[in-house]
Amino acid sequence: MRSSLSGLLGAILVLLTLDNRPLLVAGQDSSAFGWKDITFFDEFHEKQWKDGVIWFDIDPNLSPRVVSAIYYVVNYVNQLPNLCVKWLQRYPYKFDSNIKDYISFVDFMDTKKNPVCSVIVNRSGGQQGLRLGPYCIILRLTDVRGNLVLESAILHEMFHAMGLEHEHQRPDRDCFMYVASSLGNDRGAYGIINGSEILSGFPYDYNSITHYTVTRSEFHVHDDPNREIGRVNATMSELDLHKLSSLYCGRKTYCEEHDSCASFYDYAKTNPRCWRKGPEYN
């Protein structure tokens, strides 16, 4: 559908409503990134962690190295100023045994062919497993890019638990990233996510903790195939922090703070790749 619009690129204009949000014009998709911010926030707030408090416990079967990595990341998140999110450990059969919704860091039986580190996005209700498989863990512990790759993977999953999707699955990702069709369109990995299901109003963040990190011929930045992407130092990017503040603290989005929302939605004007169907460009 988008490829058929290439002849209209120069003629598409962006119109704004009174609250500085763009109106749909001929040829634009009503499910495009940004048009359903209200829908996103309504659904997010239905599932978000109450008062920004995320209770967690830890599977005793996880190794001391993994437990240490979990505490490292939890302490990092909790020490960030003005974040409005806290991860607090629950201890069953004590004062907090009546907590209904919580994250469990669990030892998950994955396979060498299918290593698993995963969690459901946002609060699902009840016990919610953040699954850490031994094959996923060993891949991170043997990664030559640094000593905090495992911690980075755990922070990545914690971001999902806090309600954020993969950056490279944004509806406008083709403007910025080459993603070969051979990687598939799985909802949990490389497939593009509907605009109503992901936070908009932010520039594309190559450095996000939610961005996959491995650069290769099938997955790289358009204009700089060797550019490093994602993070392996177990920290958030500035935009990661801003997104959490928007979700949990009520802070304005980046484009609202910089009065630049119009340019975010004008895909045709900023980059014609946004309108192409699929990752192969001829």
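The backbone N, Cα and C atoms fix where each Cβ goes, glycine too.
Just so you know, TrEMBL annotations never went through curation; they're auto-generated.
Feature annotations, reproduced from TrEMBL:
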- 1-27: signal peptide (SIGNAL)
- 36-250: domain 'Peptidase M12A' (DOMAIN)
- His156, His160, His166: Zn(2+) binding site (BINDING)
- Glu157: active site (ACT_SITE)
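Surrounding the centroid of the Cβ atoms of His156, His160, His166, where the record places Zn(2+), the chain contributes additional residues within 8 Å, namely Val121, Glu157, Phe159, Leu164, Glu165, Ile209, Thr210.
Neighbour count (other Cβ atoms within 10 Å of the Cβ, all protein chains): 21 for Glu157 (active site). Fewest other C-beta atoms within 10 Å: among the binding-site residues His156, His160, His166, that description fits His160. Secondary structure from DSSP puts the residue listed as 'active site' in a helix. According to DSSP, His166 (Zn(2+) binding site) is assigned to coil rather than to any helix or strand. Mean pLDDT across the domain 'Peptidase M12A' (36-250) comes to 93 in this model. His166 (Zn(2+) binding site) and Glu157 (active site) have their C-alpha atoms 10 Å apart, to the nearest angstrom.
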